[in-house]
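K.L.:
Just lifted these from TrEMBL, have a look:
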DOMAIN    48-78  domain '4Fe-4S ferredoxin-type'
BINDING   58, 61, 64, 117  [4Fe-4S] cluster 1 binding site
BINDING   68, 107, 110, 113  [4Fe-4S] cluster 2 binding site
DOMAIN    98-127  domain '4Fe-4S ferredoxin-type'
């Protein structure tokens, strides 16, 4: 036989949350017109970083791909080929990431790839709007992941401008760039990246 408390008080206590919510003011988030700021260490879309002279930090070691628990990262490394003047380099190291892809259909944004990267080439941004209506567009390529060229940076391949060898880069012992870099234009840089990405796709289809 239920007690008096169980018969009368327990149902009232159970509806307490409902009653409290009924009289609260309704809050409407004005997304996507007003976006709330994310935490500084929020795990969002990845970014492949550059050195101050524009060379890529990625050395194509594939450690990020090995660390990924969701098998979302695909990397193909290639060797840098130095020309007569040391040009032809994409990174200060012996190798660079020729192909870099992240499949956001698989990625769980855990950040283990960031911990595995020995050169801090891969970091995570605060960008979280990754929804798309096409599955193929959620496989981000190297051109989509690379950080944009900033003023003073030069588009690879080119010689090492900030040091005599890769050790100078990793130790942060930079020297001044040899020449003044051209002014940076965001739209022109985006168009060049798009054209380069289309060329990579055509080359891949031919293979």
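Positions of Cβ are set from backbone N, Cα and C atoms, glycine also.
Give me the lay of the land around each of these features.
P.N.:
Taken as a whole, the domain '4Fe-4S ferredoxin-type' (48-78) shows an average pLDDT of 96 in this prediction.
Neighbours of residue 117 ([4Fe-4S] cluster 1 binding site), defined as other CB atoms within 10 A of its CB across all chains, total 19.
Under the three-state DSSP scheme, residue 107 ([4Fe-4S] cluster 2 binding site) falls in the coil class.
Secondary structure by DSSP for the domain '4Fe-4S ferredoxin-type' (98-127): 5 helix, 9 strand, 16 coil.
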K.L.:
Provide the number of Cβ atoms within 10 Å of the Cβ of residue 113 ([4Fe-4S] cluster 2 binding site), excluding the reference atom itself.
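P.N.:
The Cβ of residue 113 ([4Fe-4S] cluster 2 binding site) has 24 Cβ neighbours within 10 Å.
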K.L.:
How about long-range neighbours of the domain '4Fe-4S ferredoxin-type' (98-127): same chain, 6 or more residues beyond its ends, C-beta under 8 Å?
P.N.:
38, 40, 42-49, 56-61, 63-78, 135, 138-142, 145, 170
K.L.:
In DSSP terms, helix, strand or coil for residue 64 ([4Fe-4S] cluster 1 binding site)?
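P.N.:
DSSP call for residue 64 ([4Fe-4S] cluster 1 binding site): helix.
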